[in-house]
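Visitor: Per TrEMBL, the feature transmembrane segment maps to 7-27, 60-80, 101-126, 161-186. Taken from TrEMBL, the feature domain 'Connexin N-terminal' applies to 25-58. Feature annotation from TrEMBL assigns domain 'Connexin cysteine-rich' to 117-184.
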Amino acid sequence: TGIGRIWVAVVFMFRLLVYVAAAESIWKHEHGEFECNIKQPGCENVCFDHFFPVSHIRLWALQLIMVSTPSLLVVFHVAYRENREKHHNQKLYKNPGKIDGGLLCTYLISLILKTGLEIVFLVLFYKLYNGFTIPRLVKCDIKPCPNTVDCYISKPTEKMIFLYFLVATSCLCIILNLSELSYLIFKYSIKCYLKRHIKKQQ
């Protein structure tokens, strides 16, 4: 649908391109640029691992892969329809790519999966990093650190801007998926109702 095309544009232009062109380079040396005001061996590594259990950039990459994968269900279903027509050597569908029947169910499942995965990743981000913020300073008292040490995160403002941007685009994708889901359910509910109404009149 038209909403689905907007979703593809948002994922490709505002998420994938931003990720490749800018976000990846900002988090590229995050471990090397994480500094603590103590040189105790192992302290800096343990503190970094505690505050960044999973790299933002790797989690975003995984999110992009996971939310794009359900769309393959639709692609495979269309390919199955086309292959079935070739196998039977006759026209079985008006248009193999038209959203109706079994393909409609597949499309609705893909939308639900995409929405669910987006929400799961947003919750995961929130839980892992205690909110959608990048602090300038974190205090760490984990062993082998001898006492509470101050650790500094590099380029926190720049990172926060991109974090907000990627969270906003993720929320936009959820809204688009829910809009498309509602539109398709409403459209085909009206279609089914009109068919029943015509049958009753006949």
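Just so you know, glycine gets a Cβ as well, placed from its N, Cα and C.
Automatic prediction, not curation, is the source of TrEMBL annotations.
Please situate the listed features within the shown structure.
Guide: Below 8 angstroms of C-beta separation, residues 55-57, 60-61, 64, 67-68, 155, 158-159, 162, 165-166, 169-170, 172-173, 176-177, 180 of the same chain, each at least six residues beyond the ends of the transmembrane segment (7-27), sit close to that stretch.
Long-range contacts of the transmembrane segment (161-186) within its own chain (CB-CB distance under 8 A, at least 6 residues past either end) are made by residues 1, 3-4, 6-7, 10-11, 14-15, 18-19, 22-23, 26, 56, 60, 63, 67, 99, 104, 107-108, 111-112, 114-115, 118-119, 121-122, 125, 132-134.
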Visitor: Mind checking which residues reach the transmembrane segment (60-80)? Cβ under 8 Å, same chain, six or more beyond either end.
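Guide: Distant contacts of the transmembrane segment (60-80): 11, 15-16, 19, 23, 96-97, 102-103, 106-107, 109-111, 113-114, 117-118, 121, 166, 170, 173.
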